[in-house]
């Protein structure tokens, strides 16, 4: 026989010189389907062994899909599924009549006599269904590549295909059943023991800021944390500080516990990776960003810059600055990072720049889809997800500028899905814009008030699903965009 080859014009697999198409049949095992259905009809208890992973659409034959679904409906009502009860439910169905349903059910019962382990048959049916879905995805990928317009980039098609493949690979794996309380207690005790052994008693990923850690106990796996603030409050700067601290603290913890080093992922939808790394360099080397942009540096500053650049280059810190990503693209890329680089924590700057998948005209619905997607990523990958968010302009219309939960844009869904909501607020920013004239009697009082809030940023924990809320004042060095502990005015030293 001649070797297989592809006909380029028709994309049909051929196995001879005449390019005759090879008839290919979708993978299935009709006999296994018949034997399993017969066994379940003989003993309804067997349904419990396969129903957790096997659904009606996993069957290849349409009549078998209908029979399995009917069995599920009957047993859900507390009744016994038998050929007689099935016949009364399906008697008006055209397909059931076409296969002479009564006789066919009797045939299934007869075939069940040869069934030894029904679970094996269920797994065979499930596995073949996955393979058929894999074929469908492959065909869709090919068709989309042939028929795509210039508006759809190849990279977007790859991510779409990757997402479908990942969902297929994960099918059935994320469906958790009841867990015995003893197992949950063991997991809780293990977390408590880890906290007791840690000198800082932090269970989650340390923020590198003592007072904030005392309030939050670090960032916890599967949590969605929203960090919100008005422009110029320092949202991105604070997020960069948290990300760098997390990267260093995870590394130390991983080394101590002899674990694989975890990485930080940072989706920067607004700033370029170069702008973000320039901020990091400014922060770590303590060189103002203007000097870095203009290149006006003395030898001492330049040597300091090179040293910090070398240190940062060794970190497991990954930046994706692709603009206008969809929530599905973020999920796909986060999964890839988890697989390739052991992603430990994810930052997104910022929420309102993410595109929804459904392209709803209702922005509140779209934000709801996005926040639910981010929470799903946190749970699926078992990592903390920190998403930055804008606040509405209503803050600027009030005398008291301190933000509240109602100030969140599309606040209902964000507040609902988040485990923690934090606001960043700098009273110094607003006071400097209200300076009275130098000779004014109010100037002295204004100056006294300004001195009290100088270089202070308040982190307002407005929602904390598993802990206390309240205000955490931090030291803020505006020149280098560094956040530290207020009492000691020190920064994370890792």
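Each Cβ is built from the backbone N, Cα and C atoms, and glycine gets one as well.
Copied over from Swiss-Prot, here are the features:
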{"type": "DOMAIN", "residues": "198-490", "note": "domain 'SF4 helicase'"}
{"type": "BINDING", "residues": "229, 230, 231, 232, 233, 234, 235, 236", "note": "ATP binding site"}
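Here the features listed in Swiss-Prot are painted onto the structure.
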{"residue": "229", "record": "ATP binding site", "contacts (Cβ under 8 Å, 6+ apart)": "235, 391, 403, 423, 424, 425"}
{"residue": "230", "record": "ATP binding site", "contacts (Cβ under 8 Å, 6+ apart)": "390, 391, 395, 396, 401, 403"}
{"residue": "231", "record": "ATP binding site", "contacts (Cβ under 8 Å, 6+ apart)": "390"}
{"residue": "232", "record": "ATP binding site", "contacts (Cβ under 8 Å, 6+ apart)": "429"}
{"residue": "233", "record": "ATP binding site", "contacts (Cβ under 8 Å, 6+ apart)": "424, 425, 426, 429, 457"}
{"residue": "234", "record": "ATP binding site", "contacts (Cβ under 8 Å, 6+ apart)": "424, 426, 457, 476, 481, 483"}
{"residue": "236", "record": "ATP binding site", "contacts (Cβ under 8 Å, 6+ apart)": "270, 271, 279, 349, 350, 388"}
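Other than the site residues 229, 230, 231, 232, 233, 234, 235, 236, same-chain residues with C-beta atoms no more than 8 angstroms from the centre of those residues' C-beta atoms, the ATP site, are 424. In the three-state DSSP classification, residue 229 (ATP binding site) falls within a strand.
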